[in-house]
Amino acid sequence: MADAKQQQQPQAAVAATGVWKTIKPFVNGGASGMLATCVIQPIDMVKVRIQLGEGSAGQVTKNMLANEGLRSFYKGLSAGLLRQATYTTARLGSFRVLTNKAVEKNEGKPLPLIQKAFIGLTAGAIGACVGSPADLALIRMQADSTLPAAQRRNYKNAFHALYRISADEGVLALWKGAGPTVVRAMALNMGMLASYDQSVELFRDKLGAGEISTVVGASAVSGFFASACSLPFDYVKTQIQKMQPDANGKYPYTGSLDCAMKTFKSGGPFKFYTGFPVYCVRIAPHVMMTWIFLNQIQKFEKKIGI
C-alpha cells in the first residue's frame, strides 16, 4: 500500500510538470501582456481618439482631461485586459511553442529571419482569431464617448459588451472586423516577434550587451517594426469596427477592401498612417514592457524552480 502511494506521487509530479511545461509559454505571455496594458492603456485611448478624428495627441489629451476627467483614459481597461488574456496569451504562447519546435528540427541552431517571420505571421493569426471579440469590445468602449448621446452603447464593462453584442447582433457579430484584425495581427507579429528574436541575437551574441540592455534594445527595435507593419491595417480595422449605419441603414463601408480603397482615394497612402507617432509610442513601450515583464516572470520561475 505504501509502495503504491510512493509510486503514484512521482507519476503525479511528472504529469504536473508536463502540463505546466505545455501551458507555461501561454500563461507567461498573457500575464506579461496584461501587466503592460495596465501601464499603456491611456496612450492607447489617445491613439484611438486620434484615429477617430478628434485632433492631435495634445488636443485629445487636453479635451479628455477637461471634459471627461482622468478616469476616461482608462475607459475600456477591462476589455483591454481581456484582450491580452486571450490574444497575447495565444500569440506569444504559440510563437514560443512553434519556435521551440522549429529550433529542435534545426538541430538547435538559430532560425533564419524568414522562418521567424513566418512563425510570427502564424502566431499573430492564431492570437487574433482568439482575441477578436475582446478587441471589438475594446474599440467600441473607447469610441463610445465620441458618439452622439442617442447612439452611445453605454457598455458597463467588457463582459457586458460581449453579452450585448451577442444578444443584439448575433454571436457571429463578435468577429465583426475579424478579417482586418487577423491581417493586422499577422503584420504586427511578423514585425514584432521576428525582429525581437533577431535583435536579441544581435545585441547579445554580436554586440555582447548585458541582459537588460539586450531586452530593452531588442524590444525597441521590435516595437518600431511592429508599428510600421501594422498601422495601416489597424486604421482600417478601427474604421470597420466603430462604423454605424446611417438613417437609411447603410454602412459607410461594405468591407475592409472598400474601406481601404475609399481611404486611399480621399487621403492618399499617408492617411493610413494617421497618428503614427502616438501609435509608435503606444506600441513600442507596450512591446518593451511585455518583454521586460516576461523576462522577469521567467527569472522568478527559474528562481523558485518551476
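Yeah, the Cβs are placed from backbone N, Cα and C, and that goes for glycine too.
TrEMBL annotations:
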REPEAT    20-101  repeat 'Solcar'
REPEAT    111-202  repeat 'Solcar'
REPEAT    210-300  repeat 'Solcar'
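Here the repeat 'Solcar' (111-202) is broken down by DSSP into helix, strand and coil counts: 79 helix, 0 strand, 13 coil. Within the model, the repeat 'Solcar' (210-300) carries an average pLDDT of 85.
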